[in-house]
Amino acid sequence: MDIRFPFRMETPREPHFFKPLLPGFQSGFTIPLDFYSKHIQGAEINKPWKLRSDASDQIWEVIRESRTLTKGWKEFTEAHDLRIGDIVIFKHEGDMVFHVTPFEADADDAPTFSYDYCFLAEVTPTNQKDDKMFLPVEAMRCGALNQQCKEVKLVNKEGKSWTARFGFSESDGAYYISRGWRKFCRDNRCTNGDLFVFNVVGDGTTTPLLCVCPERKECTELLIKHFSRIDGSIASTSRN
């Protein structure tokens, strides 16, 4: 499927965070852990967040349940025509009042991004030591990636991003991520054997985003296939 992807932003000085909107975002919005720990944890749970924007004089009251915005959030997204791929900035103005701003872009000028390719990545001793993780050969068919691309953004579920080098190995016939993969693993406290399902977001001309996939059907299917292959391998070995 195609999505709009606004891409210009001014970073505020007040306590703030920004996060891309992934599939299923209307059902609830998870506050990044770092921001929550520093600015929200311990605040009165029953006190709703008040969201405002430059697009309207209206103030939306949204209920927070632990780290998730729930009741009222869907109405806010619909009023602002927020879509998958949009990146929103939450600026805390005090007393649970937040100014929310999407990356500004004219819809007619915004590039069309694909969000239809995901792949499984495993953290291994070798790719951490070499700071180099290869993508599946099938990634060559992804329109968001090409050999002219020199970097990617790795985005975790909290919306935090890491810049990594992106390249193509002629000998392996595959893309790879380096100079940033090890830091991504370290900062996310990964251990060997951890699995990530990444969604590739891009238009083939701008820096692609590799977003850690939320729990949804396509990601679950990849994990099921992965563990089925492992189980099959074990069963085959035990028969031999």
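Glycine is treated like the rest: Cβ placed from N, Cα and C.
Model confidence over the domain 'TF-B3' (14-106) stands at 85, taken as the mean pLDDT rounded to a whole number. Residues annotated as domain 'TF-B3' in TrEMBL: 14-106 (among others).
For 118-216 (among others), the entry in TrEMBL reads domain 'TF-B3'. For the domain 'TF-B3' (118-216), the DSSP-based tally of helix, strand and coil residues reads 18 helix, 39 strand, 42 coil.
Per DSSP, the secondary structure of the domain 'TF-B3' (14-106) breaks down as 18 helix, 38 strand, 37 coil.
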